[in-house]
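Pulled from TrEMBL:
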type	residues	note
DOMAIN	10-152	domain 'Phosphomannose isomerase type I catalytic'
BINDING	111, 113, 138, 276	Zn(2+) binding site
DOMAIN	172-257	domain 'Phosphomannose isomerase type I helical insertion'
ACT_SITE	295	active site
């Protein structure tokens with residue numbers, strides 16, 4: 001990348017990678033390709049490349065290269081004006097969002113992110129597990145077809161699941177199964193949530209011997225059903241999850257969660273205390289600047305079943321899918337109901353130009369394909385893997401001869417209205 005000056009308008013970032021075992025391997029991973037282009041570090045063909053991090057979080061900091069190599073966090077603290085007055089007033093000198101790319105080969109854990117109050121107490125009690133005191137609302141925007149478990153199924157679907165899945169009844173017991181089947185919409189939200197919480201907690205807390213036995217019966221039953229070609233999408237998913245995480249309680253718990261499939265350009269957002277697990281595919285992800293995760297299934301990592309089961313909202317129903325709103329002919333904006341972030345997706349065809357107008361907050365730009373120029377007070381030639389920090393109040397003109405695909409993360413524009 002050439003021509004990026006150090007005047008605080010466009011700053012090149014060197015970013016960080018995470019090699020979690022759920023990541024795609026070697027060159028199959030978009031994360032690996034972006035990391036190689038961004039840093040020049042060769043791809044290890046046998047290594048999983050799961051996450052590409054862009055931001056100031058200490059678990060995966062980005063660096064500014066301007067003579068000396070300094071973290072973006074330190075650079076912002078020295079130059080707080082780059083965030084703009086409104087952002088500094090609300091969040092101090094902290095960049096309020098964390099931007100990522102995910103390359104998912106197998107399921108991530110069933111997890112939730114704490115709200116601000118819970119995050120503060122968890123960080124105080126277990127600082128080595130919960131690394132910060134912030135909440136972590138997030139949004140995943142699909143680059144490829146992207147699959148996730150997200151939120152609890154509707155009451156209607158829950159009843160069908162209990163009727164057709166004897167293994168769940170075996171774990172929660174006949175009395176609780178009857179209780180679920182006798183619920184109706186008139187019973188009131190609180191009662192329905194309490195019954196759902198009780199059933200979910202029973203499943204997540206079941207002892208290892210029981211889950212091994214129950215899953216063996218379930219998988220055997222589904223394999224017989226599969227021979228007759230009668231499996232639903234969710235049942236096919238259950239078989240896949242059990243291969244990835246044998247004898248894991250999360251396989252059974254997946255029945256209670258919505259199975260969501262996003263097409264490229266569709267996004268899913270999650271508030272605090274909502275259960276989810278990303279399953280497969282690649283996405284751009286943006287979130288509040290936190291790395292707090294409470295896990296309880298589909299993972300070899302530390303589990304906090306009791307905390308997870310007690311913190312969830314137990315809201316039911318299919319999540320809202322964001323399709324983006326048109327900003328200009330080439331740019332869509334994804335604006336979840338959180339102050340910390342929004343994401344723009346810009347796909348420029350050959351020989352085209354667009355403008356990102358001056359805004360009162362900072363942005364991080366990521367180029368995922370093609371090449372072109374980004375112009376502020378000077379021209380920057382940009383290509384795949386380039387990541388740039390744009391200061392508040394910077395107008396940027398983007399042009400390409402051959403085509404360019406980029407994403408912008410920034411503070412929610414609602415904050416500036």
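Placed from the backbone N, Cα and C atoms, the Cβ positions cover glycine too.
Note that TrEMBL annotation is computational and uncurated.
According to DSSP, the domain 'Phosphomannose isomerase type I helical insertion' (172-257) comprises 69 helix, 1 strand, 16 coil.
Residue counts for the domain 'Phosphomannose isomerase type I catalytic' (10-152) under DSSP, split into helix (H, G, I), strand (E, B) and coil, are 41 helix, 48 strand, 54 coil.
If you take the Cα of residue 113 (Zn(2+) binding site) and the Cα of the residue listed as 'active site', they are about 9 angstrom apart, rounded to a whole number. The shortest Cα-Cα distance from the residue listed as 'active site' to any of the binding-site residues (111, 138, 276) is found for 111. For residue 276 (Zn(2+) binding site), the count of additional Cβ atoms within 10 Å of its Cβ stands at 23 [all protein chains shown]. Excluding the listed site residues 111, 113, 138, 276, the same chain places 112, 136, 270, 274, 275, 293 with Cβ atoms within 8 Å of the centre of the Zn(2+) site Cβ atoms. Mean pLDDT for the domain 'Phosphomannose isomerase type I catalytic' (10-152) in the predicted structure: 93.
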